[in-house]
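What follows is one structure encoded as structure tokens, with my remarks underneath.
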Amino acid sequence: MEGGPEAASKQEFTEFWKRATSSPYIMRLALSAGIGGLLFGYDTGVISGALLYIREDFVEVDKKLWLQEVIVSMAVAGAIIGAALGGWMNDMLGRKTSILGADIVFFLGAIVMAIAPAPWVLVVGRILVGFGVGIASMTSPLYISEASPAAIRGALVCINGLLITFGQFLSYLINLAFTKTPGTWRWMLGVAGLPAVVQFVLMLTLPESPRWLYNQGKENESRKILEKIYRADEIEGEIKAMREAVEQEKQEEGLIGQTLGEKMKAAFSNVAVRRGLYAGVTAQVAQQFVGINTVMYYSPTIVQFAGIASKSTALALSLVTSGLNAVGSILSMLCIDKYGRRKLMLLSLIAIIICLLTLTGVFYQAATTAPPIDNVDTLSFGANATCQAYLDAPNVSSWNCMKCLKAECAFCASTGGNHLPGACLAETKEVRAVCGEQKRVWFSDGCPSKIGVLAVIVLGLYILAYSPGMGSVPWVLNSEIYPLRFRGIGGGIAAVSNWCANLIVSLTFLSLIHALGAAGTFLLFAGFSTIGLIAIYLLVPETKGLQFEEVEKLLQKGFNPCDCTNPKIDEEKASTSK
């Protein structure tokens, strides 16, 4: 009954497996280009574990929250630049060349990070890696889409999304593998260069996008590539479609101009494009302000906030959260065409808000029930080892572990158990070593808590709530909500908005934790998620089953959030009744 493109339906997956087995070249192409998604996922995941050990090697990083945030978020800043320039590179140099360039920059960034002698060098490496990620994040799906048979295009493009989540999962495995290795974080960050090398070598053996070649007037080269991908009876139809598309683009360029300024002016003067941007940018910004990348970038740190001090344990539990993210991506592929884009995002946000409010309660309970400070035990370490703020406090009887940590000191748990009164000590390597020599556990990020495991469980539920809806749908929505002639500009604006929101969240998370506490920070994200829920309800229409032209007509007419019916189905019902 419904027309329009399907992202990855059952029929498409059946056709996908038929094509993949009969023509392995197609899978080789999609997997090779999809490594760009793996680079994206690996970079977002690996820094979370590496940061725990970077803080040990560089005292200034451990003492300065803003420096930790800069190290994490500079990759996002680089990605903003990469995404902004990626469109120009794709048009001028081609999809394949852009991917090769992204691999080179990413590899150089990984090497710079691995050998960084100082934090500022590490920041430079993060910017280079981010630049490569920004280019790859928009080029890999485009290359796969343009070089895939139409019948299985959705399933092949989904490979890129799956590899993003697999890259995150792989990053936690690598982090866990190097926890006991000398150089820890240097290996974690340096290994990121290997997938870039692999993709570079594989891409050298693959062709340029046939669509880009045809657009450059290289019809014969384009045809030779199509002969490897398409069945014999499909080639002429695809050539005809490309010819018509190229002719239409040239006509539209004549109407709206060719310079970026002319295209931007034409886009914002078009009511359908403006309404599309309201919806697309809202979805992309909301995707970040639910706090997801604080979980992906800082998940081991968050686990430590929950009172689990062991770095290896924190990394292992983070591995579970990234695995759930991959599961959620598969659920999205199965549900997006069945339930629709709008409904999936709204349901996802409701579940996210519930999880964030639950996390607020868990962390608040953990803070209020933190173990008290034993005055005798604390002073037994000596004045030089005792927390200075504790020594200066007029009423130390009210101090507990959480108050000790807020004073930028550390808690040395009692030998009788983590939940008994312990010592509040200066946070230095020397004092930490003394605490360890007594077979006691050192807490500097979070306090020991009996409900710490509950926080990890709710984090897992949060990932499952996020991934199928807000994790995937905003990207799908932005690929279909803009009129064809403005799709590049609209998608680019939305992508840059996403990375900018990502930068704001990742750059402020640790400062928010320090100022508001973990409970207050998650409550703040719950508030942002509620605003996102209202904005998406009011601004985002349902595009499920609609042709691109029908989406444009819907936006031109105006969207009524109270009308949940599908205009495509309504038209067909009216026609049938007549």
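The backbone N, Cα and C atoms fix where each Cβ goes, glycine too.
Predicted automatically and left uncurated, TrEMBL annotations should be read as such.
Residues annotated as domain 'Major facilitator superfamily (MFS) profile' in TrEMBL: 29-544. The transmembrane segment feature in TrEMBL is assigned to 29-54, 66-88, 100-121, 127-144, 156-178, 184-206, 344-367, 451-477, 489-513, 519-540.
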Per-region confidence, the domain 'Major facilitator superfamily (MFS) profile' (29-544) (mean pLDDT, whole number): 82
Contact call for the transmembrane segment (29-54) against the transmembrane segment (489-513), three or more Cβ pairs under 8 Å: no
Cβ-Cβ under 8 Å with the transmembrane segment (156-178): same-chain residues at least 6 beyond its ends: 7-8, 16, 26, 30-31, 33-46, 48-50, 140-141, 144-145, 148, 184-185, 187-188, 191, 195, 296, 300, 312, 315-316, 318-319, 322-323, 325-326, 328-330, 332-333, 467, 472, 475
Which of 66-88, 100-121, 184-206, 489-513 contacts the transmembrane segment (127-144) most, counting Cβ pairs under 8 Å: 66-88
Tertiary contacts of the transmembrane segment (66-88), as residues 6+ beyond its ends and Cβ separation under 8 Å: 43-44, 47, 51, 54-55, 60, 98, 102, 109, 119, 122-123, 126-139, 297-298, 488, 492, 495-496, 499-500, 502-503, 506-511
Top Cβ-contact partner of the transmembrane segment (344-367) among 100-121, 489-513, 519-540 (pairs under 8 Å): 519-540
Chain residues in Cβ proximity to the transmembrane segment (100-121) (below 8 Å; excluding those fewer than six residues from its ends, i.e. six or more beyond): 36, 39, 54, 58, 60-61, 67, 71, 78, 82, 89, 93, 127-133, 135-136, 139, 186-187, 189-193, 196-197, 199-200, 203-204
Contacting positions for the transmembrane segment (519-540) when only residues 6+ beyond its ends and CB under 8 Å are counted: 275, 278-279, 282-283, 285-286, 289-291, 294, 341-342, 345-346, 349-350, 352-353, 356-357, 359-361, 363-364, 367, 477, 509, 512-513, 559, 561
